[in-house]
Amino acid sequence: MPPLPLEHRPRQEPGASMLVRYFMIPCNICLILLATSTLGFAVLLFLSNYKPGIHFTPAPPTPPDVCRGMLCGFGAVCEPSVEDPGRASCVCKKNACPATVAPVCGSDASTYSNECELQRAQCNQQRRIRLLRQGPCGSRDPCANVTCSFGSTCVPSADGQTASCLCPTTCFGAPDGTVCGSDGVDYPSECQLLSHACASQEHIFKKFNGPCDPCQGSMSDLNHICRVNPRTRHPEMLLRPENCPAQHTPICGDDGVTYENDCVMSRIGATRGLLLQKVRSGQCQTRDQCPETCQFNSVCLSRRGRPHCSCDRVTCDGSYRPVCAQDGHTYNNDCWRQQAECRQQRAIPPKHQGPCDQTPSPCHGVQCAFGAVCTVKNGKAECECQRVCSGIYDPVCGSDGVTYGSVCELESMACTLGREIQVARRGPCDPCGQCRFGSLCEVETGRCVCPSECVESAQPVCGSDGHTYASECELHVHACTHQISLYVASAGHCQTCGEKVCTFGAVCSAGQCVCPRCEHPPPGPVCGSDGVTYLSACELREAACQQQVQIEEAHAGPCEPAECGSGGSGSGEDDECEQELCRQRGGIWDEDSEDGPCVCDFSCQSVPRSPVCGSDGVTYGTECDLKKARCESQQELYVAAQGACRGPTLAPLLPVAFPHCAQTPYGCCQDNFTAAQGVGLAGCPSTCHCNPHGSYSGTCDPATGQCSCRPGVGGLRCDRCEPGFWNFRGIVTDGHSGCTPCSCDPRGAVRDDCEQMTGLCSCRPGVAGPKCGQCPDGQVLGHLGCEADPMTPVTCVEIHCEFGASCVEKAGFAQCICPTLTCPEANSTKVCGSDGVTYGNECQLKAIACRQRLDISTQSLGPCQESVTPGASPTSASMTTPRHILSKTLPFPHNSLPLSPGSTTHDWPTPLPISPHTTVSIPRSTAWPVLTVPPTAAASDVTSLATSIFSESGSANGSGDEELSGDEEASGGGSGGLEPPVGSIVVTHGPPIERASCYNSPLGCCSDGKTPSLDSEGSNCPATKAFQGVLELEGVEGQELFYTPEMADPKSELFGETARSIESTLDDLFRNSDVKKDFWSVRLRELGPGKLVRAIVDVHFDPTTAFQASDVGQALLRQIQVSRPWALAVRRPLQEHVRFLDFDWFPTFFTGAATGTTAAMATARATTVSRLPASSVTPRVYPSHTSRPVGRTTAPPTTRRPPTTATNMDRPRTPGHQQPSKSCDSQPCLHGGTCQDQDSGKGFTCSCTAGRGGSVCEKVQPPSMPAFKGHSFLAFPTLRAYHTLRLALEFRALETEGLLLYNGNARGKDFLALALLDGRVQFRFDTGSGPAVLTSLVPVEPGRWHRLELSRHWRQGTLSVDGETPVVGESPSGTDGLNLDTNLYVGGIPEEQVAMVLDRTSVGVGLKGCIRMLDINNQQLELSDWQRAAVQSSGVGECGDHPCLPNPCHGGALCQALEAGMFLCQCPPGRFGPTCADEKSPCQPNPCHGAAPCRVLSSGGAKCECPLGRSGTFCQTVLETAGSRPFLADFNGFSYLELKGLHTFERDLGEKMALEMVFLARGPSGLLLYNGQKTDGKGDFVSLALHNRHLEFCYDLGKGAAVIRSKEPIALGTWVRVFLERNGRKGALQVGDGPRVLGESPKSRKVPHTMLNLKEPLYIGGAPDFSKLARGAAVSSGFSGVIQLVSLRGHQLLTQEHVLRAVDVSPFADHPCTQALGNPCLNGGSCVPREATYECLCPGGFSGLHCEKGLVEKSVGDLETLAFDGRTYIEYLNAVIESELTNEIPAPETLDSRALFSEKALQSNHFELSLRTEATQGLVLWIGKAAERADYMALAIVDGHLQLSYDLGSQPVVLRSTVKVNTNRWLRIRAHREHREGSLQVGNEAPVTGSSPLGATQLDTDGALWLGGLQKLPVGQALPKAYGTGFVGCLRDVVVGHRQLHLLEDAVTKPELRPCPTP
């Protein structure tokens, strides 16, 4: 309401008195005066403080961390520049390595004095140098000249200097696999063979892999004869000749023998390994037989009608049963001896069984002392110490006062030292007494020593003495050396508080150290190292601070007294334990006490007051009060100090909480307790992985990852002892403070390090003792070793030092000291020693030579080459000749080669480096051209020099390394940029002395991967057998692959990186595969476009290999399946994208990477030697990485090798003594390029202007456009868009969704994004109050360039695409400014931000396409030079021409662009083909036979998906899997069958399951069966799989998997029957007749989890995707073998109607039922497989094993055809022909000549009979017992159908026929039971089979068989009514147990019988 006008306002307010108004006037005046005075005072104050020219400035911002995000490799660390704080560089650590002489060999073929020097060289050279082995390079294998026999094997010593022949002490962990010994005995493994040979001292060696006689165990097969193939040694099951059909059609064979028929002849020939041929039909005649008797085992052979005796027919099998003959020769079996008799035409009688060469062992009669074992070394007996012990720590104290880890280690040391050492007592010795403050006991001297070496770690700590130490290790070393008590007071540098340092967690407050209090500690008691239980970890730290003592957290939970419960014995003696504790703590145990059994009766009132400080930080009035408190609390409590407790607090305790890790700069680690040391959880235990025993804590240096190691402990993770230290185990077992110093005597030891388990040092010859300080009697240890002169020199005049040592007078004695290892930086280059070994530098060479007492001098600077002649003590000639030659031939620097005498002058181009504009601070050698040198006397020396120019000993293992950025740069080809010309190097074609890996040789390796090539043609390379493979790859080593045109160039950097990764991965896979024994190398030949990337590789094998291309492909597929999934990603299905072909033999060599194209090779071969060729592929060194090396400034590298034939660069060279002019003097850079000299004239680089490129800027480079692949991005500096932004962008997209641009705020809501969503551009931004969303109306067309423009001003924004009317939008009101602080990401975002960006923009993928222009605020971003402009990039490529422009698709079809310039047309309905040009579908009409489904491929073709039973391209081949032949499924490891789920076959499968499977395995592992609940591997499942030949039955009911594993491994190549049973949570597994293995799934307290819920299909033999199977099944590969039977409660599942899908499954043709020779069952019988054998189901009218017997029809009215009227019950004895008793039931006496044995416990039953009836019910046959619920077997008619039912004691089985029998016609019935399996066949129907549940296999009966019914059924049998009804009808031709039953004569009870009437 507006105020009233002044004139209308009333003069007085109603209700206001005059008195009030009177007093209001002066108050208002007072208020006005007060305000006026206050304002004046403020003005005066401002004027008095104001000074012109002075103003406040904000504090300067904290300078950014220039090292953040900068990665340094190979041990270098980032350091900011002192001169320019805004710049940083990677530098190597300056600290010196320890002076420890422990030579090691690096992968660069150089010897370093210790591992630290190797790592230092690796950092300085910025290249990967791996530790190949301990000991110097070039040292010979100590086992090379040692021959071990009689079971022993050669084992080199730890220092690699000597070797011993040792017998295997245990075979645990050795590879299993039966081997055949030379004595003809099978052994479970080769290790056990050697162990037996050692024990018996017999000369036994491995003869073959596998058993000596593979046919052993197959002799009992009545249907087959086993023969061992002599070539493959595989058993072959051949049919017996006696089983041939009884056809009398005699034929005459070419051996002069008449055979019954052709079947008999062929089978007899096959069993003898012969191909007998038919000469004529009928009997053999006289002219077909040899005229004379063949002697000496020769066999008659008829060829061209001329019979003669021949030895060619004496063929022997491959079984090994050695026979020693009289001629002293051992034959593999007696047949080979007979063959030798035939060929030599003389008698060679056998001498004895077994081999002949059973020479007695030289060890017979040899007695070894000190526990040594006699072994045979080089044919002589030697006593060797078996140094291998189990490693179980059970310390004992020896009689020498030394503690040994076990009795075995004591005996081993006694043997090694050659002295008698007895076990003095159990437990460790204590020769030093108590070593305090972290010192360790030195047993030899009995004194305590301090480990002094610490690994540098940037983790300073503050000690309790107030000093800062570089690391916790340095603190403990200081405490040990000064023998003082010192603890870590706090992490970081010491901070003073007043005049003192706050320790043990105290904080500084107001100049005083105050212990923080725990206000609200998290619950959870912890046990402190003082034995006190604290309520929380916070209270533990508070107590440590108050008491000023070190208290660590021992473990979570309360402290359990060691006296009670710690042993976990569970003996129930808690009362006794509590009584003991009560007494120990001053109490009295009284069980009758009302206050508790432990009575604390202390009277402390009369004790004089004397305050004491308790260990809990509480002050007690007297010590008595403390003891009373200890008794009442039952806690450890003791007097910490006399007097009142004094904490560090000089003020009352403040409620200061310990700072939580969340308040630290980098937040918390994953444990939510430890503070992170840097971004990305740097320094956290989860990323450091520090060894808990070797490190002080789980944290590490965030920059280097170095953990804080204990003294003497080294490694990044503190997991090993440093060189010169040993006994890491002592830290764990004995609580040592660190590793123990080796303390090797430098006078007697060769090295300063020692064996890690024993501490033994490597001694010089003649020196003994564990520390190499002992000499034989009468000698003393001097500077030359053990010396006879007892006089000790006093002055250096009396001593002569050798091997580079210098004399030093010290402590009154003179001694020789070897030189130090440290060299000045100027002399830190590699040198070649006179022994042919490369050393890290000259100082290391001298130190190693001195310690090893070898005369080694420096041969030359730089690494040794192949032509250096080795020699430890070179002669003067060998030393002077090369130098003399070099002085004449090298008038200018060593990196260029002069003309040799007599050669002509040539023009040489200026060498160019690979990467232009590169300044390197690390020394590099540049490769210069090499001239052809005539083969003069100096040829070898010139060759050596030429080789050194082109090679600088690259890493031998470089191709497989993850950090390869420096390997090839340091090699000649990499740094110089030129490759040696073909034919320019003259090399003597002798066998080179291999000093390093051939990868360091100038011409690389041959195809065998180990022979260095001597020339460009590979003339010295051995032949290989090559297989060419084609692989479709999706990724390698975790990196996704996308094809770009640069991959086609073998010289490109991208090709080199990709080839390295692929070759390294394939090499690892093949070396662990089934073909590894013959594998040599793999080389990438070509990369090309495919579905993703197509790689063509050549895999080289031993030329004698028996492997075929299919073997190579299968082996690689198996390895890909079982290897880690990111190693090599191949397109699915694997078998379609991994193909191998035979490629013939290759004598050609391949170098370290690949060979390049054929054209390039041809060019190289045709090039003359006078000029360096433009393209040479021979040395194929991979290009370097694009990552920036240490200490260099790198311009963008070119992707192609610069040409070397430009004429403007050629200039003559003449020999002379002057230095060559600088490379840039001739101004070689064109078009304004800037030339820069490299390394003092060794080369130059051109820095080209924009738009120019090439080695001399001669090429015009089109503007580069970045291409994005959906997971790529470019990062630029943050947008300046607080209030205004204008942006324009041009892009081309291949997909309708993707992120174009994004910039956000890391801590707030603000962001700006530009994205494609549903085919339209969307602009989003959020200023903090909510997002604004602007969507364009113009659809984005894939493949077309679009331009968008947007603007934003405060909260308003506009968007326009392709000139459309701008779309306007506004963000919600609230905040207006846009605060951005992250990088501007273009084309995508980093992976860690995907979730956040997806939530804000609804787009989680990047752009697939190109961006060619980006304008921000009228300033265009240089995308053409994005490599330099972007601050970060990932996966960005070059944008090329679009494959879909113009549109190649017909009919307006949409073109979808693919990688590598390919496209895919999405054809509309009615169009087909790759370009939609065909209007007719290739599937119309359907070309697939058998109505198989047809699928149209994207390439335009058709693919037929063949069902089970058909194969071929169009399913035109019908496989004989149905009908008369049974189907046995053959799996190859990648095939599988998909069936209906198990739950569809059995209703109550969830409760219980009984399954049986019969299979034959070829491979040791694979999936046999799997059925799950869900497709993602979660939920319930059941599986059966092979794991290393062990069967594993697994199932999960919801709480966890039950794993039931067979006890014994199964045999490969044999049929195996397995039974599975599950009832609730309990399961059982039984293999064959073996024992049952029981198991149970986990139990749940809340839910029973007893039901198996299955919903998915059943997979047999494999699965389509193993990653989607349950993890509990633990399967990753398919089954290789044959599956014969999968039976679920007797129901066969392997039938066509149950199979839903079959992939690569073929029928097995090597079973008697499926073989090509035909059905073994005659007269139309059905063959039923029974594992390796079979059974014939005969049709009506036939019987016998092969249905060969016809039944004789009885005459009408004969009593053999009986009639039954429903009351006729006839009893017979259960008669069989052969006894099949499994228990000891005696057979009854024979009744008469025709009576048979009566059986009561039967393993099998067989019945055949013919019946005729019209009845629908009735019991036909019964056998069983009369007891309640006893076993039985019955044939009955139920509802007109015949049933066979039997019960073996577990559960009845009912088999029902599908044929009606109540037809009044004669039908033949056949019923059979074998163990638990049964079958029923009526007439000609297919047999109905079934199986009883897992359990009993025999039928227990009373010995009687009833026909026609029973008077009364047994009680308790739940049988249908039909079983209680008698049979009405006729029976005849009854067969019991394959024998005819005489119905009248064999009857025991004979009621009135009558014949069956005629129908």
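Here the Cβ of each residue, glycine as well, is placed from N, Cα and C on the backbone.
Note on S1064, S1667, S1726: Swiss-Prot annotates O-linked glycosylation site at S1726; no matching annotation appears for the rest, which is not proof of its absence. Swiss-Prot lists L1848, Q1898, D1900 as Ca(2+)-binding residues, and of the candidates D1831, D1839 the one it assigns to that same site is D1831. In Swiss-Prot, the cysteine linked to C772 by a disulfide bond, out of C763, C786, is C763.
Non-local contacts of L1848 (Ca(2+) binding site) by the CB criterion (under 8 A, 6+ apart in sequence, same chain) comprise D1831, R1876, S1892, G1895, A1896, T1897, Q1898, L1899. The Cβ of Q1898 has fewer other Cβ atoms within 10 Å than any other of the recorded positions S1726, Q1898.
Distance between Cα atoms for P1642 (site 'Alternative splice site to produce 'y' isoforms') and D1900 (Ca(2+) binding site): 37 Å, as a whole number. Note on the domain 'EGF-like 4' (1709-1748): residues 221-224, 237, 239, 243, 245-246, 1520, 1524-1526, 1528, 1558, 1614-1615, 1617, 1682, 1684-1685, 1808, 1810, 1866-1868, 1870, 1872, 1874, 1879, 1881, 1883-1884, 1886-1887, 1889, 1935, 1938 of its chain, located 6 or more positions outside it, place their CB under 8 angstroms from a CB of the stretch.
Between D1900 (Ca(2+) binding site) and S1726 (O-linked glycosylation site), the C-alpha separation comes to 29 Å. When each of the listed stretches 86-139, 379-431, 502-561, 594-647, 742-788 is scored by C-beta pairs under 8 angstroms to the domain 'Kazal-like 9' (810-866), 86-139 comes out highest.
Counted over residue pairs 6 or more apart, the CB atoms of the domain 'Kazal-like 8' (594-647) and the domain 'Laminin EGF-like 1' (688-741) come under 8 Å in fewer than three pairs, which marks the two as apart. For the domain 'Laminin EGF-like 1' (688-741), the most Cβ-contacting stretch among 86-139, 379-431, 502-561 is 86-139 (pairs under 8 Å).
The Cβ neighbour count for P1642 (site 'Alternative splice site to produce 'y' isoforms'), using a 10 Å radius over every protein chain in view, is 13.
DSSP places the residues of the domain 'EGF-like 4' (1709-1748) in helix, strand and coil in these numbers: 0 helix, 12 strand, 28 coil. Following the DSSP three-state reduction, the secondary structure of L1848 (Ca(2+) binding site) is coil. Model confidence over the domain 'Laminin EGF-like 2' (742-788) stands at 80, taken as the mean pLDDT rounded to a whole number. One way to see the shell of the Ca(2+) site is to take the Cβ centroid of D1831, L1848, Q1898, D1900; the remaining same-chain residues with a Cβ within 8 Å of it are A1801, L1802, G1849, A1896, L1899, T1901. D1831 (Ca(2+) binding site) is surrounded by 20 other CB atoms, counting those within 10 A of its CB over all protein chains shown. Following the DSSP three-state reduction, the secondary structure of Q1898 (Ca(2+) binding site) is coil. Secondary structure of the domain 'Kazal-like 9' (810-866), assigned with DSSP and counted as helix (H, G, I), strand (E, B) and coil, comes to 13 helix, 15 strand, 29 coil.
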